[in-house]
Amino acid sequence: REKTVEPAADGGTEAMQQAASEPPARAGWNSKVEYFLAQVGFSVGLGNVWRFPYLCHQNGGGAFLLLYVLLMLVMGIPLFFLELAAGQDIRQGSIGVWKYISPRLAGIGYSSCVVCFFVALYYNVILSWSLFYLGSSFQYPLPWNHCPKQGNITEKECEDSSATSYFWYRKALNITDSIDEVGSFNPYIVGCLFAAWTIVCLGMFKGIKSSVKVMYFSSIFPYVVLVCFLIRGLMLDGASEGIAHMFYPKLEIWGDIQVWRQAATQVFFALGLGFGSIIAYSSYNPKNNNCHRDAFTVSFINFMTSVLATLVVFAVLGFRAKREYNEGLVSQGHMPTFNYSDPGSLSVDSYRNWFQKHVKTIPGNVTECDLEKEMQKGVEGTGLAFIAFTEAITQLPGGPFWSALFFLMLLNLGLSTMFGTMEGILAPLRDRFKFLAKNKTKLTVVSCVIGFMIGLLFTQRCGNYFVTMFDDYSATLPLIIVVVFETFSVSWLYGADRFLDDIEAMLGWRPYVIYKYLWKYVCLLAMLGLLVATTVRMFMKTPTYMSWNHETASEIHLPYPSWALAVLALLIIFAMLPVPVGFIHSVVQDWRWPTHRDTETGHYSIVNGDETPMTDMSEPDQRNGFLVTES
């Protein structure tokens, strides 16, 4: 049987020259365990703890879980497998991978780097908040346990809200009333941000060799904490009610297009698609690594982590809600007769029936106690971590211990994600520019210094509003567009069949043909639908942010001012600008210098650096950059 070599994409000469110039092996992982720790550590982040439980609760409980699993199987895992296979086969970062697959869409890789940079800027600020709370946890009682007093007078802002809300907004952030009020820098958060960037820099200054050592702890420790919290949470009064509220199925939500949008978005971000970090980590694997199995394994671990975190969150919040519910019964006058020493002896239904009968005659301070409403208080994002969960912790025996454990868990969850995000920036740049590869440590240090300097924006008194802005708008739309182009370039420009041929030569077996149709039609149409739904929602709904009003001591939604809307637009435009610029640059270069692609391949040769490569066990006839067909 004879073997013939065909060009894989635009310009076969480029592919063959690139293969000839590539070193025999690429710096890699020392073991499969290291790779799994890195990949799982990146994909499992803060969103699994404070975003997934909220979405599941708000969007139908068990019904949302089924929808999430469905979308993960038909969209998430195929796209995850695509990125793993592309990185492992081409063995470069995102810039080099998409430059090779479709030179005219080389800007995809640069867009991924820009988005990673935006995310790293505000993500490390969240780590600085976790550091601040971690340091504050070594006090007894916890500083957010009671409202501060000036003499015998309780601080009004705290009295009108809660001790945890006051500590978060006034002590930790010292927040302004709106994004227009800049305010001074918060020295405590500045110091914590410097510490957070220092930890990231020290963990990455030798590339994956140093970061993976940290991941042995940062990727495993959160699971230990979650299991401890789950065991403790299930022993609390109200845990069963919390979990019941969490998983109660509401099948009617399947008819709501916004629920599908939120589920698809969560699948998208939970797996870390489009960042380039998956590609970077996978590029360090040996050529015959079973990336197909890895796609299912990492996705399954990610999903089970989300479910575990959901159980923990709502077991603890159920305890908090029931305690506040019972305290509310005792504190209100004109109550029906029951044992006041045991508020639980009055059932929810009995109280509601009594309330409905006497609603017109009882005083205004008596309200209808609703466990469902108590469960919904502050169960998303920073509201969950720094207000609702901390309030529940203060009610636990040994509160400081559980508080330190919780925020140490958040810190480690964030660190492993930060390592992956930074690798999504640094690896493509090192592969693209040889002089950066030769100065790897300097590149890491300079990147962290720049990140800290720009990150000072978020340490102002209004910094929390900028974190919200970046979190909501700097990554969502650009990343969806990036993945649309990724899917289109692989399945249509490069060719889904060719890509499957590459994977077959790489793994020694051919993936199921269903992937061809998933990539070409299902995934692409799903991502286009998500893009349209996200864009329409962005234009139809006025962008708002949650602000803290110190006079009313409450959270209110405010519309972004015109200058902030301009910043939002610039963030999205700047993130996507490399794609059209790269396309125009490629067209102009082809027009001016038709042989340009053949001569520029040297710029994209793989640079090993000084890391010890993992043994490459690929077959001799496997090729880098062109197809091998047998006849």
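Any Cβ shown, glycine's included, is placed from N, Cα and C.
Because TrEMBL annotations are produced automatically, they should be read as predictions rather than curated entries.
Annotation source TrEMBL lists transmembrane segment at 35-53, 65-86, 107-134, 188-208, 220-239, 259-284, 296-319, 401-422, 443-461, 473-496, 517-540, 560-584. According to TrEMBL, the Na(+) 1 binding site annotation covers Gly41, Asn48, Asn302, Leu413. If you look up TrEMBL, you'll see Val44 marked as Na(+) 2 binding site. Look at TrEMBL and you will find 602-631 tagged as region 'Disordered'.
Annotated features, which come from TrEMBL, shown on the structure.
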residue : record               : Cβ within 10 Å
Gly41   : Na(+) 1 binding site : 27
Val44   : Na(+) 2 binding site : 27
Asn48   : Na(+) 1 binding site : 26
Asn302  : Na(+) 1 binding site : 23
Leu413  : Na(+) 1 binding site : 28
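Of the candidate ranges 259-284, 296-319, 560-584, 259-284 has the most C-beta pairs within less than 8 angstroms of the transmembrane segment (517-540). In sequence order, Val40, Phe42, Ser43, Val44, Gly45, Gly47, Ser219, Pro222, Thr305, Ser416, Thr417 are the same-chain residues whose CB sits within 8 A of the CB centroid of Gly41, Asn48, Asn302, Leu413, the residues recorded for Na(+) 1 being left out. Below 8 angstroms of C-beta separation, residues 27, 29, 34, 38, 124-125, 127-129, 131-132, 135, 172-173, 214, 281, 284, 415, 418-419, 422-423, 426, 440-441, 444-445, 448-449, 451-452, 455-456, 458-459, 463, 609, 611 of the same chain, each at least six residues beyond the ends of the transmembrane segment (188-208), sit close to that stretch. Note on the transmembrane segment (560-584): residues 104-111, 114-115, 118, 179-180, 469-470, 473-475, 477-478, 481-482, 485, 543-545 of its chain, located 6 or more positions outside it, place their CB under 8 angstroms from a CB of the stretch. Taking CA atoms as the reference points, Asn302 (Na(+) 1 binding site) and the residue listed as 'Na(+) 2 binding site' are 6 Å apart. The stretch in 65-86, 107-134, 220-239, 296-319 that contributes the largest number of Cβ pairs under 8 Å to the transmembrane segment (259-284) is 65-86. The list of residues near the transmembrane segment (65-86) in space but at least 6 beyond its ends in sequence, with Cβ under 8 angstroms from a Cβ of it, reads 56, 97, 101, 247, 253-254, 259-260, 263-264, 266-268, 270-271, 273, 278-279, 282, 291-292, 294-296, 298-299, 303, 307, 483, 486-487, 490, 499, 502-503, 506, 511, 515, 518-519, 522-523, 526-527. The transmembrane segment (443-461) makes no contact with the transmembrane segment (220-239): fewer than 3 of their CB pairs lie within 8 A, with pairs spaced 6 or more apart in sequence. Each residue contributes its Cα atom, and for Leu413 (Na(+) 1 binding site) and the residue listed as 'Na(+) 2 binding site' these two points are 7 Å apart.
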